[in-house]
Amino acid sequence: MIPLTSELVAIGKTATDKADAIAQAVDLLTAAGKIDPRYGQSMMGREAVANTFLGNGIAIPHGLPQDRDLIHDTAIAVVQLPAGVEWAPGDTARLVVAIAAKSDEHLQVLSNLTDVLGDEAEAERLATTLDAAVIVARLTGAAAPVAAPAETPADFAQGIDVVVTGAHGLHARPATTLVDLAKGFAAEIRIRNGAKVANGKSLISLLNLGAAQGAALRISAEGADATAALAAIAAAFEAGLEDEEDTGAAAPEAATPGLTGAGASMASYEGRTLVGISSSPGYALAPVFRFARDEVVFDTDAADAAFETDRLDTALQTAWHELEELHDEVWKTSGPARAAIFRAHQEFLHDPEMVAEAKALIGQGRSAGFAWHRVFSDRADMLGAMKDAVLSGRAIDLRDAGQRVLQHLGRVRTGETHLPTAPCILLADDLTPSDTARLDPALVRGLATAQGGPTSHTSIIARALDIPAVAGVGPRLLDLATGTPVLLDGGAGVIVVAPTEADKARAETAMAALTAQRELEARERYKPALTVDGARVEVVANISDVAEAIASVEAGAEGVGLLRTEFLFVNREAPPGEDEQLAIYAAMLSALNGLPIIIRTLDVGGDKEIPYLRMPVEQNPFLGERGIRFCLSHEDLFRTQLRAIYRASAGGQVRIMFPMIAMIEELETARRIAEEVRLEVGAAPVEIGIMIEIPSAVMMAPELAKRVDFFSIGTNDLTQYALAMDRMHPVLAKQADGLHPAVLRLIDSTVRAAEAARIWVGACGGIAGDPVGAAVLSGLGVRELSVSIPAVAGIKAQLRHSAMAENRDLARRALACTTAAEVRGLK
């Protein structure tokens with residue numbers, strides 16, 4: 001307890017402003033020999049980054065932790081201001097309690113102050129008394145209330161024990177973190193420190209505990225999500241409760257890039273926040289630029305139908321060639337998967353019904369521009385209104401392709417500059433593939449869209465270009481005017497409007513830390529992912545072509561966990577032959593130089609179409625002829641691919657994987673065909689596995705495991721099939737989270753079935769490359785994580801700094817959660 005005498009209490013003072021009030025308190029402390037006068041500057045420095053107004057007319061100015069060497073002797077000084085002084089907008093301080101504490105001796109003073117915060121009459125008495133002894137007695141605890149104390153609430157039945165580790169106890173900042181966390185759960189939470197019990201959702205109540213370093217707290221909870229709440233709180237205490245005075249200046253996000261869930265970050269930012277979905281991690285500070293497409297105007301009518309028809313044909317042909325050039329450019333810079341969308345756009349331009357309908361309108365006296373605009377707009381509107389999310393999502397592609405033709409049929413009327421010419425954060429309702437292909441990463445520091453989700457085209461491009469991005473922010477995003485300064489936190493899915501200097505400093509610190517972290521990860525990328533307690537997790541890469549095979553090795557991948565062979569079949573007029581496929585597989589094996597590769601057989605259907613294969617139009621393509629079903633119904637393609645794979649297997653460690661297995665019969669048929677092909681080419685046996693991405697496969701996993709060498713869990717499809725949510729859906733994308741407990745329980749069942757059959761389990765998909773997901777999956781027993789190439793080094797580093805025992809405990813607690821948000825709150 002800090003001794004307080006009347007000499008350090010100034011009664012009946014006035015102050016012109018907050019700085020004057022603090023200066024008077026500093027004078028008292030300096031005159032008493034308690035501090036160096038420069039500590040006053042530290043107190044003002046604290047005010048620049050935090051509000052020290054407690055409430056009920058009481059403020060507690062104190063210095064920054066790095067300036068404690070300016071404190072000679074721990075002390076407090078009180079300046080009474082009966083007339084008050086504005087401390088912050090809307091807050092008037094009448095009792096200024098200046099604290100100069102070397103450690104946690106001041107906690108009892110804070111505890112006594114919290115009693116006053118809940119008693120307006122007592123606060124008024126202290127702000128107007130003419131006797132300094134009254135204030136001294138109240139702050140030192142000598143004037144305890146006379147009334148009999150109320151009965152202390154009992155602990156709830158379910159609880160945990162934690163210890164306060166912070167050097168300065170449970171002071172305001174860590175207590176605020178704890179309150180914010182507790183409020184995220186419906187359960188009632190109580191925290192006991194000896195005889196005192198606090199409401200875990202009340203800052204005042206928590207401060208009243210007076211919990212110093214080393215205090216043993218009993219935390220109990222009651223309610224439907226009590227187990228999850230206690231698990232999250234235990235993890236928060238273990239992590240230090242975001243106490244900057246003990247953990248240093250680095251922002252929490254710098255340690256875990258890629259986390260979605262904006263709650264923790266929002267609580268830390270002072271500026272107004274807009275919340276969306278994390279699309280690409282990282283930070284950006286820049287003015288916004290509102291993306292606007294050029295407007296094309298055209299005449300409604302035209303007299304010469306033949307001339308207008310020729311204009312339409314020429315515009316269609318010109319647009320087709322533009323798309324061809326754009327396809328080739330994107331292929332070179334971003335790979336075939338990114339370029340494939342432009343082939344689809346070319347198909348729109350060849351649609352015979354659209355062209356015929358437009359020409360019919362021209363024959364009725366309409367201009368080519370009017371006719372084409374009417375036709376593609378009507379069809380886009382029809383697509384956008386469809387209930388099927390895949391089809392409705394095509395509307396933006398059709399409008400993009402249609403607009404490309406239209407610009408050759410009318411006059412371009414430019415409003416805003418089409419693309420930015422200075423560094424900015426680009427805002428848009430959504431971006432088409434054509435838009436994103438033209439972005440200059442040197443100027444676009446960040447991306448934010450009102451629509452979309454983490455698997456939208458914009459998000460995929462942002463990650464490929466390493467641009468921080470937030471999607472699905474909503475219409476209010478577009479209320480921001482060009483030039484508005486913002487901070488974009490891609491990992492948290494947050495945009496901070498007009499960030500304060502403290503927000504900017506925090507982001508700049510985090511950016512510097514993130515850069516340093518990535519540089520360290522890059523230097524250590526070839527180290528194995530061996531946990532601190534000796535468990536090995538292999539981190540491999542998802543690839544689509546030879547260039548990515550080379551890049552995966554350079555990135556530190558320990559092999560390829562998923563080769564998407566679809567890229568061999570797209571952007572061409574006929575399927576590749578056996579020798580062509582063999583040459584490509586052999587080139588990949590050469591690039592991997594002995595590292596293993598899992599080759600997934602052709603996986604088309606659903607949202608992956610190949611025009612020349614004449615795939616049937618299905619009402620529900622995701623529930624139709626997908627994956628292995630397509631291969632079994634096109635056995636000639638399947639056998640050709642298997643022959644190429646088996647022939648290539650002589651040159652390296654090849655494993656074969658069948659996609660979208662739903663039933664035992666599918667697997668047995670696929671294995672029979674594969675064995676027939678192997679014997680035909682005279683190849684040695686290779687490991688054969690299946691993807692677990694359909695709930696029926698999970699339920700049949702014990703039987704399936706007896707028939708394969710490994711499982712690979714496709715978390716993206718498993719999530720959408722388990723939750724009945726298309727991960728591309730503009731509304732449901734936010735909820736289609738692979739860390740939902742329902743999905744995790746399916747994964748847990750799969751792993752246990754595999755372990756019983758003594759086969760290994762890998763995972764690919766979004767959560768394998770997510771920091772929380774990697775920890776949970778490894779804790780569940782997944783032994784191989786296949787991630788995007790840019791994520792390899794970071795996931796390996798994270799696993800090297802973790803303990804498998806802790807990951808198993810995290811996984812156990814995650815399985816007990818009821819929502820994805822609870823799971824993400826565990827770590």
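We count from 1, first residue shown onward.
Every residue gets a Cβ built from N, Cα and C, even glycine.
Listed features, source Swiss-Prot:
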- His62: active site, tele-phosphohistidine intermediate (ACT_SITE)
- His171: active site, pros-phosphohistidine intermediate (ACT_SITE)
- His457: active site, tele-phosphohistidine intermediate (ACT_SITE)
- Cys764: active site, proton donor (ACT_SITE)
- Arg564, Arg600, Asn716, Asp717, Arg727: phosphoenolpyruvate binding site (BINDING)
- Glu693, Asp717: Mg(2+) binding site (BINDING)
- 2-142: domain 'PTS EIIA type-2' (DOMAIN)
- 157-245: domain 'HPr' (DOMAIN)
- His62: phosphohistidine (MOD_RES)
- His171: phosphohistidine (MOD_RES)
- His457: phosphohistidine (MOD_RES)
- 270-827: region 'PTS EI' (REGION)
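On the structure: features taken from Swiss-Prot.
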| residue | record | Cβ neighbours (10 Å) |
| --- | --- | --- |
| His62 | active site, tele-phosphohistidine intermediate | 21 |
| Arg564 | phosphoenolpyruvate binding site | 20 |
| Arg600 | phosphoenolpyruvate binding site | 25 |
| Glu693 | Mg(2+) binding site | 28 |
| Asn716 | phosphoenolpyruvate binding site | 18 |
| Asp717 | phosphoenolpyruvate binding site | 22 |
| Cys764 | active site, proton donor | 28 |
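Across all of the region 'PTS EI' (270-827), the predicted model scores a mean pLDDT of 85.
The two recorded residues, Asn716 (phosphoenolpyruvate binding site) and Cys764 (active site, proton donor), show a Cα separation of 8 Å. For His62 (active site, tele-phosphohistidine intermediate), the nearest neighbour among the recorded positions Glu693, Asp717, Cys764, judged by Cα separation, is Cys764. Here the Cα atom of Glu693 (Mg(2+) binding site) is found 5 Å from that of Asp717 (phosphoenolpyruvate binding site). The CA atom of Arg600 (phosphoenolpyruvate binding site) is located 12 Å away from the CA atom of Cys764 (active site, proton donor). For Arg564 (phosphoenolpyruvate binding site) paired with Cys764 (active site, proton donor), the C-alpha to C-alpha distance reads 12 Å.
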